[in-house]
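Asks: Have a look at this one.
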Amino acid sequence: MSAYIALADGRVVEGRSRAPGTDRGELVFTTAYTGYEESLTDPSYAEQVLTFSYPLIGNYGVRSERFESDAVTPRVAIAREFTDDVADWLASEGVPAVDAVDTRELVTAIREQGAMRCGVAAGPDATPEQAREQLDQCVEMSDHVDIGAQVSVDEPQVYEGSGPRVALLDCGAKQSIVDSLTARGAEVHVMPYDSTPAAVAEREPDLVFVSNGPGDPANFEAAGEVVDEFAGETPIAGICLGQQVVARSLGGATEKMEFGHRGLNQPVRDLETDRVIMTTQNHGYSVADPGDLAVTQVNVNDGTAEGLAGVDIDVLTRQYHPEANPGPHDSLDFFDDVLDLADCRTPAVVSD
Ligand SMILES: NC(=O)CC[C@H](N)C(=O)O
C-alpha cells in the first residue's frame, strides 16, 4: 500500500501506508528517540503532521498509561519505520501513518525552509493528486483561530487535594501537568481555555496556571485576559503556550520560529545559577519580547527565552515542558517553585 506526502515546496515524497487516510497539516519533526506515545497524544500537536527523525518508532509497544490525552493529536504520523503495534494503534484511531520514508529528506526540507504545510494520502488507492489536493486545502497554523476548542475541556473538572488551589486554563493540557500538580497535593480545577476572568475568580484560586497547547498563542486571547486580570493579585504560572500567552498579556510579544524545538535533549541555561538542564520541548513559537517580565532561562543552542519571571509580581513560566514526560527529569522542581508561590494553604508534602 502506498502513501504520498505533498510538501508546500512542490515535492511529493513517496512512502508506505501503515494506516490509511487522507489529511493535511503543518509538517514538523521531533528528534525524540523515546516517548512516542506521549508525543502522539500531546494536544500541542493538533493540526500538525509529525515526523519522527529517530528511525524506529514503537519498539516498546503501546500502553495507554503513558498517553497524555484521550486522542491521537497529530493529523498524520511519519517515521522511517513504525512497529505493527504503533501502526495498528494509529489505524484504529483513524490517523493516517506513513513509513518507509527517507525522513532525513523531510527533516532537511523543514530545516532549510521551515515548518511547512503538507498534504498526505495513504492506502490502497492513494494517489499523488490526492496528497496535492490535501495540500491545497491546508491553511497556515495561525489561521486555526478556534484551535483551543478542539483540545480543551468543555466543563471544569476538579481534582481534589489539600494543597493550594490551582485554576489550570486548559489550552490543550498534557495529563502529566495535572498529575505533577496533584502529586504535590494541589487541588486542580481544569478550566475551559476560554473561561472568563469571572469564572476563574469563582474558583478562588491560589494560582492561575496557563497550560501548553497547539497553534499560535495569538489565538488564545481569552486566557490572556484572565492573566491580565489576575496578574499582581494571584500568582501566575505557564508552560509552553502558557509562557507565550502570559508574556503577550504582560506587554511582551511572540514570533513564529523557523522550525521550532521538538525533542528530548534541548539544553537550557538558568541565568542565575548558571546550571544547564536537559529539557523536553515541543514548540514552534517563542517569546521575542518578554514585556514586563525578566528572562531567567535561555536555550543554549539559539538563545531563545526558556524561562520568565515577574519582576515585582509572582509570575513563573517555562517554554519547555517541566512535567518532563517521558523525561529527562531535570526540570520537575518547577512545580515545587510555582506551588511555593501559592503557599497560602496547607503545605504540600508529596514529591515525585
Ligand atoms: N507545547 C506547546 O504548548 C506548544 C506551544 C505553541 N503551540 C507553539 O508551537 O509554540
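Cβ atoms are placed via backbone N, Cα and C, with glycine included.
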Asks: Select one of Ser2, Ser17, Ser44: the residue that TrEMBL places in the L-glutamine site alongside Gly213, Gly215, Leu241, Gln244, Asn282, Gly284, Tyr285.
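Replies: Same L-glutamine site in TrEMBL: Ser44.
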Asks: Expressed to the nearest Å, what is the distance separating Glu323 (active site) and Cys240 (active site, nucleophile) at their Cα atoms?
Replies: 11
Asks: In this structure, which of the active-site residues Cys240, His321 has the fewest other Cβ atoms within 10 Å of its Cβ?
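Replies: Among the active-site residues Cys240, His321, the lowest count of other Cβ atoms within 10 Å belongs to His321.
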Asks: What Cα-Cα separation, expressed in whole Å, is found between His321 (active site) and Cys240 (active site, nucleophile)?
Replies: 7
Asks: 10 Å Cβ neighbour count around Glu323 (active site)?
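Replies: Its Cβ shell of radius 10 Å holds 26 other Cβ atoms.
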